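Colleague: Take this structure first; my questions come after.
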Amino acid sequence: MSKKIIAPSLLASDFANLQHEIEMVNQSEADWFHLDIMDGLFVPNISFGMPIVEAIAKYAKKPLDTHLMIVDPDRYIKTFADLGVNHLTVHYEACPHLHRTLQAIKAEGMKAGVALNPHTSINLLEDTIQDIDIVIVMSVNPGFGGQSFIENTYLKVRDLKNLIERKNSSALIEIDGGVNATNAKKLIDYGADALVAGSFVFKSEHPTETIKQLKEVIA
Ligand code: DX5
Ligand code: ZN
């Protein structure tokens with residue numbers, strides 16, 4: 001079985017000590033950095049933008065898994081590639097020409113991801129799943145860290161896994177929102193490959209140990 005991935009979300013980290021937080025992830029058993037970009041339009045919150053991504057890229061020694069919660073993400077594909085981002089995920093709901101957007105992301109040398117809001121059916125990926133490297137299944141409504149996990153996610157993951165296998169796609173399934181040591185194993189059992197964890201890691205007393213615990217739970 002392929003290696004399962006933990007991606008701490010820096011949204012929940014201490015921005016006043018960002019370099020320290022990045023070094024913690026570098027030295028931990030985490031696999032990716034998850035970066036949440038919010039524009040105040042697609043979601044009712046604004047997180048951080050290019051200068052912060054540039055600062056993170058300077059110190060991060062693991063892939064930058066970047067989740068764009070913004071309208072019209074095509075405008076910034078090249079900018080994120082130039083900043084050194086490795087995975088660029090756009091929202092299904094923000095892309096009227098999703099196929100073209102995915103091609104544009106890959107043309108810039110990044111892995112192309114699609115995120116689905118909790119209300120968005122996985123069946124809508126039927127015609128694009130072969131072009132997708134990562135599907136982020138949102139297990140909370142995007143916009144904020146620290147929300148509770150939506151239980152319907154398990155069934156969505158199972159159906160998405162079936163779609164991926166049926167279509168011979170190599171897409172990875174990533175879960176984002178409310179992930180903790182209690183739901184992590186079940187998500188993997190239903191077919192998830194990667195789990196984002198924000199608050200559960202950064203608000204814990206010993207984040208490095210919490211990451212280790214998550215890795216053990218899903219191993
Ligand atoms: C939510 C973001 C998530 C968030 C996860 O809009 O996309 O990545 O940071 O945070 P937790 O793990 O606290 O739900
Ligand atoms: Zn995210």
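All residue numbers here begin at 1 and follow the chain in the order shown.
Cβ coordinates come from backbone N, Cα and C, glycine included.
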Colleague: What does TrEMBL list, out of Asp133, Asp159, Asp176, as binding the same divalent metal cation as His34, Asp36, His67?
Modeller: Asp176
Colleague: Name the residue, out of Ser9, Ser13, that TrEMBL lists for the same substrate site as His67, Gly143, Phe144, Gly145, Gly146, Asp176, Gly177, Gly178, Gly198, Ser199, please.
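Modeller: For substrate, TrEMBL names His67, Gly143, Phe144, Gly145, Gly146, Asp176, Gly177, Gly178, Gly198, Ser199; of Ser9, Ser13, the listed one is Ser9.
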Colleague: Which one is it, among the recorded positions His34, Asp36, His67, Asp176, that lies nearest to Ser9 (substrate binding site) by Cα separation?
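Modeller: Closest recorded candidate to Ser9 (substrate binding site) by Cα: His34.
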Colleague: Cβ under 6 Å from an atom of ligand 2: which of these binding-site residues qualify? The list is Gly143, Gly145, Gly178, Ser199.
Modeller: none
Colleague: List, in sequence order, the same-chain residues at least six positions removed whose CB sits under 8 Å from that of Gly143 (substrate binding site)?
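Modeller: Counting only residues 6 or more apart in sequence, the Cβ neighbours of Gly143 (substrate binding site) under 8 Å are Met38, Val43, Pro44, Asn45, Met69.
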Colleague: Could you give the Cα-Cα distance between His34 (divalent metal cation binding site) and Ser199 (substrate binding site), in whole Å?
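Modeller: Approximately 12 Å lies between the Cα of His34 (divalent metal cation binding site) and that of Ser199 (substrate binding site).
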Colleague: Around the divalent metal cation site formed by His34, Asp36, His67, Asp176, list the extra residues of the same chain whose Cβ is within 8 Å of the site's Cβ centroid.
Modeller: Ala7, Ser9, Leu11, Leu35, Asp65, Thr66, Thr89, Ile136, Val196, Gly198
Colleague: Starting from the substrate site formed by Ser9, His67, Gly143, Phe144, Gly145, Gly146, Asp176, Gly177, Gly178, Gly198, Ser199, give every other residue of that chain whose CB sits within 8 Å of the mean position of their CB atoms, in sequence order.
Modeller: Leu11, Ala12, Asp36, Val140, Pro142, Gln147, Val196
